[in-house]
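Participant: Per TrEMBL, domain 'Tetrahydrofolate dehydrogenase/cyclohydrolase catalytic' is recorded for 6-120. According to TrEMBL, the feature domain 'Tetrahydrofolate dehydrogenase/cyclohydrolase NAD(P)-binding' maps to 139-281. The feature NADP(+) binding site is assigned by TrEMBL to 165, 166, 167, 231.
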Ligand SMILES: Nc1nc(=O)c2c([nH]1)NC[C@@H]1CN(c3ccc(C(=O)N[C@@H](CCC(=O)O)C(=O)O)cc3)C=[N+]21
């Protein structure tokens, strides 16, 4: 078998066109969707992700504000800035790029963001709503993955999804979203003893651990769908997934490449959430 590629980049492009149309409609009604990103410190990877978000926003017609702070900013000053943006009527979405410097409590920062503007879907209120299946901002990478699966018309109902990784931003929420789609979900992580026995059972295998080429063909059931969330920067400067792509191609039915797989969908869902937030703000202003 040779797997079919899930071309996230192309699917993302199509969805961005639809988002752009929605932005045009909103602008005709006098609303310009606005996204603010807070970037602390000078990590080149974080800076490059934020640049990508800014570019994608501008291309979609979304107003983008980058707010930069030095590494040594106090937590109090950062929280104060979030308070200010929470009140800013021109901004519908706010995200604080992670990770933050060690002296800042990430959870305090996330909890300070107004759930109405939490387009990352990281606030405990957003997570709670997601868990109970309510309408809310869904975290972008997990949501992007579900959209890719739907786009390819891959059945999730009753399927066994195995997630490797249990981060708050990818592993945990992606399992929850698959559960909401009636899949059976198994979580694996660094303490899992019999990893290969479990991954071999997966109809859909989601890999989000951050270790280049960890998953080879022998971890994958014949015909499984493989979703690679890894973004590992090699010494050569090349981006590489958590899956050994060439090897996995031989056994999987569908596979996402890195780059141009899940990554572009993450940014697309961020734009999607920002536009939804603006639409909602508009609806409220009418009442
Ligand atoms: N508060 C917060 N929200 C985030 O959404 C967030 C974050 N913090 N911290 C870091 C991760 C990582 N992340 C990516 C977004 C896009 C690509 C992406 O577009 N990747 C391109 C390649 C880009 C390149 O070549 O550098 C691709 O896969 O094709 C990757 C990774 C968002 N994150």
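Every residue, even glycine, has its Cβ placed from backbone N, Cα and C.
Since we're looking at a predicted model, the values are computed, not measured.
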Participant: If I restrict to non-local contacts, at least six residues apart, and a C-beta distance under 8 angstroms, what lies near residue 166 (NADP(+) binding site) in its own chain?
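Facilitator: Counting only residues 6 or more apart in sequence, the Cβ neighbours of residue 166 (NADP(+) binding site) under 8 Å are 172, 187, 189.
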Participant: Taking a cut-off of under 6 Å between Cβ and any atom of ligand 1, tell me which of the binding-site residues 165, 166, 167, 231 pass.
Facilitator: 231
Participant: Pairwise over 165, 166, 167, 231, annotated as binding NADP(+), what's the top Cα to Cα distance to the nearest Å?
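Facilitator: Taking every pair among 165, 166, 167, 231, the longest Cα gap is 16 Å.
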Participant: Are there any residues at least 6 positions away along the chain from residue 167 (NADP(+) binding site) with a Cβ closer than 8 Å to its Cβ? List them or say none.
Facilitator: 208
Participant: In sequence order, what residues of the same chain, 6+ apart, have a Cβ less than 8 Å from the Cβ of residue 231 (NADP(+) binding site)?
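Facilitator: Set apart from residue 231 (NADP(+) binding site) by at least 6 residues yet with Cβ under 8 Å, we have 210, 239, 241, 258, 263.
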Participant: What are the DSSP helix, strand and coil residue counts for the domain 'Tetrahydrofolate dehydrogenase/cyclohydrolase catalytic' (6-120)?
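Facilitator: Per-class counts: 61 helix, 18 strand, 36 coil.
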Participant: What does DSSP give as the helix, strand and coil breakdown of the domain 'Tetrahydrofolate dehydrogenase/cyclohydrolase NAD(P)-binding' (139-281)?
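Facilitator: Reading the DSSP string over the domain 'Tetrahydrofolate dehydrogenase/cyclohydrolase NAD(P)-binding' (139-281) gives 54 helix, 26 strand, 63 coil.
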Participant: Take the domain 'Tetrahydrofolate dehydrogenase/cyclohydrolase catalytic' (6-120) and average the pLDDT across it for me.
Facilitator: 98
Participant: Name the residues of the same chain, 6+ apart in sequence, whose Cβ is under 8 Å from the Cβ of residue 165 (NADP(+) binding site)?
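Facilitator: Correct list: 171, 188, 189, 206, 207, 208, 209, 210, 229.
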